[in-house]
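Peer 1: What TrEMBL shows for this protein is this:
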type     : residues                            : note
ACT_SITE : 110                                 : active site, proton acceptor
BINDING  : 13-32, 92-95, 176-178, 202-204, 220 : NAD(+) binding site
BINDING  : 118, 121, 137, 140                  : Zn(2+) binding site
DOMAIN   : 1-234                               : domain 'Deacetylase sirtuin-type'
Ligand code: NAD
């Protein structure tokens, strides 16, 4: 039974923040906030049109001030606070709604809007305002700051930690993710191979649905609190 699981890995995607008013990745027309993914989410885009890429992430960063965590973020934060076993929440999201709800055992595998990365020295730093192209790095002085977002073709963060957690998980739960973006889309197979039960909570069947032991369809704002209540009651 799920309730016997001691070690849990939760993967979240854009769908968990949808009810907070943040657009998912590939909405109607395959665009993200009106932009083709290739135009704002690749190292090539950053090299060829830094103005556009920086403006895009500046707008996403500014939009965080107008949204709040929803019931699903709050439920995961409650699981984090009250679950006595191991827990790792891995988010593909670049918003800060998990931490604003109070989650602590959290990793941002695709970076964070409120962080800057120096392309020259590799320093990461908290960044809350606009980031014009050519902003100087406070650590090394190079005019090389970029949004701390993992673009397509770049290596996601903390993969060692994530792989280790997947290898010892009793339960893997995927919430609000389309299963289209690797390596996250492959976590279910890794966890299952290592012996975990696997559960998907999503609005619709994802590309990887067949790999899960169980899929529950619905909005994260109702499915996640219900699942967390059951876990903590067990
Ligand atoms: P995705 O947009 O590809 O898929 C979102 C999934 O969530 C879909 O399967 C959809 O059916 C489901 N969904 C939509 N509304 C839901 C709801 N209310 N409850 C439950 N499920 C819901 O997103 P992804 O799989 O996370 O992959 C795309 C990438 O997009 C990630 O790498 C992420 O960095 C980036 N992204 C992040 C944000 C954010 O930080 N909030 C927003 C957009 C894109």
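Cβ atoms here come from the backbone N, Cα and C positions, even for glycine.
Tell me about the surroundings of these features in the structure.
Peer 2: In the three-state DSSP reading, residue 110 (active site, proton acceptor) counts as coil. With a cut-off of 8 Å between CB atoms and residues at least 6 apart in sequence, the same chain places 91, 92, 93, 94, 149, 150, 156, 157 near residue 110 (active site, proton acceptor), listed in sequence order.
Within the same chain, the residues at least 6 positions away from residue 176 (NAD(+) binding site) whose Cβ sits under 8 Å from its Cβ are 12, 13, 14, 15, 16, 17, 18, 24, 72, 201, 202, 203, 220, listed in sequence order.
Secondary structure from DSSP puts residue 137 (Zn(2+) binding site) in coil. In sequence order, 116, 118, 120, 121, 123, 143, 144, 145 are the residues of the chain that are 6 or more apart from residue 137 (Zn(2+) binding site) and have a CB within less than 8 Å of its CB.
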Peer 1: Any idea which of the binding-site residues 17, 92 has the thinnest Cβ neighbourhood at 10 Å?
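Peer 2: Result for the binding-site residues 17, 92: minimum number of other Cβ atoms within 10 Å at 92.
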Peer 1: What is the set of residues, excluding 118, 121, 137, 140, whose C-beta falls within 8 angstroms of the centroid of the C-beta atoms at the Zn(2+) site?
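Peer 2: Along the chain, the qualifying residues are 119, 120, 122, 123, 138, 139, 141, 142, 144, 145.
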Peer 1: Could you state the whole-number distance in Å separating the C-alpha atoms of residue 140 (Zn(2+) binding site) and residue 25 (NAD(+) binding site)?
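Peer 2: Between the alpha carbons of residue 140 (Zn(2+) binding site) and residue 25 (NAD(+) binding site) there are 34 Å.
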Peer 1: Do any residues at least six apart in sequence from residue 21 (NAD(+) binding site), in the same chain, have a Cβ closer than 8 Å to its Cβ, and if so which, in order?
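Peer 2: For residue 21 (NAD(+) binding site), the qualifying residues are 66, 67.
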Peer 1: Could you check which of the binding-site residues 25, 118, 121, 137 have their CB within less than 6 A of ligand 1?
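Peer 2: Among the binding-site residues listed, those whose Cβ sits under 6 Å from ligand 1 are 25.
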